[in-house]
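So that you can see what the record holds, here are the features copied from TrEMBL:
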BINDING   Gln46, His143, Asn188, Tyr327, Trp447, Glu454, Trp455  substrate binding site
ACT_SITE  Glu189  active site, proton donor
ACT_SITE  Glu401  active site, nucleophile
Amino acid sequence: MQTAVSIAKHLVPRTFVEGGDGAGSEVTTLKFPADFVWGTATASYQIEGAWDEGGRGLSIWDTFSRASCPDTGDVACDHFHRYQEDVKLMQSLGLKNYRFSISWPRIQPTGRGPANAEGVAFYHALIDCLLAHGITPLVTLYHWDLPQALETEHGGWLGREVVPAFEEYARLCFAAFGDRVKTWLTFNEPWCTCVLGYGTGEHAPGATSADGAKVYLSGHHCLLAHAAAVDVYRREFQPAQRGAIGITLNANWNEPLAHSDVAIAANHRDAAERMTLWALGWFADPIWKGDYPEEMRARCGPRLPSFTEEEKVLLKGSSDFLGLNHYSSDFVQDSGDGDFISHWGKPSKGGYFGDQHGTALTHPAWARTDMGWSVVPWGFEKLLLWCQRRYSPAGGIYVTENGCAVAEPTKEAAIKDDFRVAFLNGYVAAMHQAMEQGADVRGYFAWSFLDNFEWSLGYSKRFGIVRVDYDTQERTPKASARWLSSVVASNAVQLARDARFMDAATMHAA
Ligand code: GBH
C-alpha cells in the first residue's frame, strides 16, 4: 500500500479559480438562479429529545445509544418543547426552507397500527409554525429511528415485513401532512442504515456482517420500501397534493490516484468508478436505471438479492429528484485482489468493503474537519457532475446536506467559526462551478441548523450553524449562520481568490 505522504510528492497543486495575480483581495461574485432553494437540515432523533413524551415509542437509537454510545438523544436540543423558538430563530436569520425528519415511533409507537394522535399533533404544530413564519418544510420520513418493535419482531431492515410497515407509515404521513408538505424524502442515506447498522455495527441496531450479506439484504429492503412508499404517494396522494417525492443518498467523491507525470492508470480509474457505484449506484441505479449496477451483480453473487420484473418497474423512476448528502473526498486506487484498505475504515477482506477491491487514501495537505474528514471542495464539483452524467434526474439535484464539525469548546470559539464559513463558502462555490458545467442543482441545505446528537459520537461533535449550550439549551447563531443569511439574501456567494481550501486544495494533473 502506498502511503499518503509518498503520494503527495506526485500531486500537482491547482488553483481553484484560474487567472489573476494571486492578490488576496480579488473577489468574484457567484450568482445563483432566482428560484434556487437554500435551507438547513436536521433529523428527529438528533434534536427532538422528549424520548418518552407524547406517546412516543422506543426507536432502535434509544436502545443502541443506551447500550453503546457516550450519550443518548433523551433530551438532545429539546426541540420537541422549543420548536417555536427554533422556528423564530430560523425566520430571524432569513432562512426560507427547512428539512427535518419525522420520528416513526412518534407516529406509530410500535411501528404498526393507527397513528398516535399526540405524535401527529406535534408535527402539525411544527409544520403550521414553519408556514406561519414563511418557511417551507421539506420532510424526511426515515432518518434512522426505526421503531424498536420492528427490530425486535422482524430483525429491522433484514426483515421483509418492514417493507409493508414502512408503506403503512408513509401513508399515514402523506394523509396527515401532505396538504402542507410538498417535498418528501423517503430515506436519508440508506448507505448508513445498511453499512453502519448491519455491516460494521457502528450504528443502530449494531449488527455486523463479515461477508456483507446483511448489508446488501437490508439495502434491498430499503429500496423496496422506498419504491412502495413512492407508489402510494403517486397513486393516492400526488394527484391532489401535487408534491414531489424522492430519496437522499450520500457519497464521498473518489478521485483516482494519479502521478503528475503519468496518465491515470485504467485500473485506478475503474476502482474509483466502482467505489462510487458501491456508495451511490447501489441505490441510485435501481431507482434511475431499474437494477443494481452490473459490477455489483458480478462481484457480489447471490449475496446481492435480485429484483423481480415487477419490482424493477416499481423502482425505475421512483424519485422525482436526487437528494444528495456530501461531506468529503478520497484518493483511491485499485487494490487488486479482494482487500479494502482505507485511511478511514477498517481494512477488510471480503464483505461490502472488500467487494470493491479499492483503497481509499487521504492527502496530507488537505485540511481536516473535527470528524477527521478531508476538506476538498473540488471533489464536490466532480461528484455533482458524475451524478448529472449518470442519472440526469428530471427534477434536478438537491444537496440535502453538506457541512462540517468544528471543535468549539466555548461559546466564544463557536461564534467565530471561520473554519465552517470557509468550508461552506468553498463547497457552495464548487457547487456553482458544477452548475456552470451543466449540473442541474436546484437546492442546497447546510447540515445542520443546530449543534445536535452526532449519533455514536454523541454531543462531542458540533455541526450546527447555531450553537446549542446543552446545559441551558441556549441557542446562539455562529458566524456561519450570518454567512448563510447573507447568501440567502443575495442569492450569491463571494469567492475570494485566497479563500482557504481553494488555493490550498491539491489536485492531480488531469
Ligand atoms: C450524515 O451522515 C447524516 O445524515 C447526519 O445525520 C449526520 O449528523 C451528518 O451526516 C454528520 O455526520 O469519511 O470517514 O466517514 C454522513 C455519513 C459520512 C457516511 C462520510 C460515510 C464516509 C467515510 N457519512 N462517511 S468517512
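From the backbone N, Cα and C atoms, a Cβ is placed for every residue, glycine too.
Taking the features listed in TrEMBL, we show where each one sits on the structure.
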| residue | record | Cβ within 10 Å |
| --- | --- | --- |
| Gln46 | substrate binding site | 27 |
| His143 | substrate binding site | 25 |
| Asn188 | substrate binding site | 25 |
| Glu189 | active site, proton donor | 24 |
| Tyr327 | substrate binding site | 24 |
| Glu401 | active site, nucleophile | 25 |
| Trp447 | substrate binding site | 24 |
| Glu454 | substrate binding site | 19 |
| Trp455 | substrate binding site | 22 |
Taking Glu189 (active site, proton donor) as the reference, which of Gln46, His143, Tyr327, Trp447, Glu454, Trp455 (the binding-site residues) have a CA within 10 A of its CA?
-> His143
If you measure from the C-alpha of Glu401 (active site, nucleophile), which of the binding-site residues Gln46, His143, Tyr327, Glu454, Trp455 fall inside 10 Å?
-> Tyr327
Additional residues around substrate, ordered along the sequence, whose Cβ is within 8 Å of the centroid of Gln46, His143, Asn188, Tyr327, Trp447, Glu454, Trp455 = Ala43, Glu189, Glu401, Ser448, Asn452, Phe463
In which DSSP state, out of helix, strand and coil, do we find Trp447 (substrate binding site)?
-> strand
When you look at Gln46, His143, Asn188, Tyr327, Trp447, Glu454, Trp455, which the record names as binding substrate, what is the longest CA to CA distance in angstrom?
-> 18
